[in-house]
Amino acid sequence: MFVDTHCHFDFPPFIHDIEDSFLHAAKVRVTDIIIPSVGIENLERVYLLAPQHPHLYAALGFHPLYIANYLPEHFTELVALLQENSNKCVAIGEIGLDYFVTNAVVKQQQTLLIQQLKLAKQYELPVILHSRKSHDQLAALLRRFDVPKKGVIHGFSGSLSQANAFIQLGYFIGIGGVITYELAKKTRAVVAQLPLRSLVLETDAPDMPLAGFQGQINRPERIRLVFEALCNLRQESTEEIAGQLYNNSLQLFNIKKGRHNMS
Ligand SMILES: [Zn+2]
């Protein structure tokens, strides 16, 4: 069984038919999907979507690449939603740093991230972190502004020492479609060496198409292919990998599984 720990399920084509889209994912044994918001554009949409299906969960927050549209009153809106949380909001995300873009507004990104890390601490929620060309700076910030429930570095691509820095701080590493590409030699080599207890799976659908699906819309059911690519890089049995990553995901987002909600 799988949890897609990072899927923009509130975007087309999924949003047009939530039940049917989830059924496709459930066929490859995806039991739950975590949906991160990116900005004020979809904050409320994600918040309202999660309670509509028993196996959808929301992460609320402001993505660093949407900072141009960000206004202080959006933060008030975020706090208001966290206060009335329907208990389907399981994380603060997608938040972080992105220094890849030209003219990255570094200072503003950091300020917004710190504000949201403080919220995560206050509401005792884990964080879903986006990081591009900023792993070292992000690790430094996470050391200074500790959050009790930790979180995940989503769609990780970086060096072994950068991954280990996050793991030592207590964070999970989100494994996505990057590892399906033969050319991603560095990331594949790093992922092969990380402890299983620190990994979770994700698709980032509808973004981040897998190898062989370039130019197509990515889908949560393709998590199965990310999993297979991971298994090819690892020594452990497929059962052990699946079991450990599934438990990691439930633990990270505090999702309780009883006998009656496994279907
Ligand atoms: Zn994303």
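Cβ coordinates come from backbone N, Cα and C, glycine included.
Nobody curates TrEMBL annotations by hand; they come from automatic prediction.
The divalent metal cation 1 binding site annotation in TrEMBL covers His6, His8, Glu94, Asp204. Residues or ranges marked as divalent metal cation 2 binding site by TrEMBL: His130, His154.
Sequence features annotated in TrEMBL and their locations in the structure.
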residue	record	DSSP class
His6	divalent metal cation 1 binding site	coil
Glu94	divalent metal cation 1 binding site	strand
His130	divalent metal cation 2 binding site	strand
His154	divalent metal cation 2 binding site	coil
Asp204	divalent metal cation 1 binding site	coil
In sequence order, which residues at least six apart in the same chain have a CB under 8 Å from the CB of Asp204 (divalent metal cation 1 binding site)? His6, Cys7, His8, His154, Gly155, Gly176, Gly177, Asn218
Around His8 (divalent metal cation 1 binding site), how many other CB atoms lie within 10 A of its CB? 24
Under a criterion of Cβ-Cβ distance under 8 Å and sequence separation of at least 6, what residues of the same chain contact His130 (divalent metal cation 2 binding site)? His63, Pro64, Leu65, Gly93, Glu94, Ile95, Gly96, Leu97, Asp98, His154, Gly155
Identify which of the binding-site residues His6, His154 has its Cβ surrounded by the largest number of other Cβ atoms within 10 Å, counting every protein chain shown. His6
Cβ atoms near Glu94 (divalent metal cation 1 binding site) (within 10 Å, other residues, all chains): 28
His6, His8, Glu94, Asp204 excluded, remaining Cβ within 8 Å of their centroid (divalent metal cation 1): Cys7, Ile35, Pro36, Ile128, His154, Gly155, Glu202, Ala205, Asp207
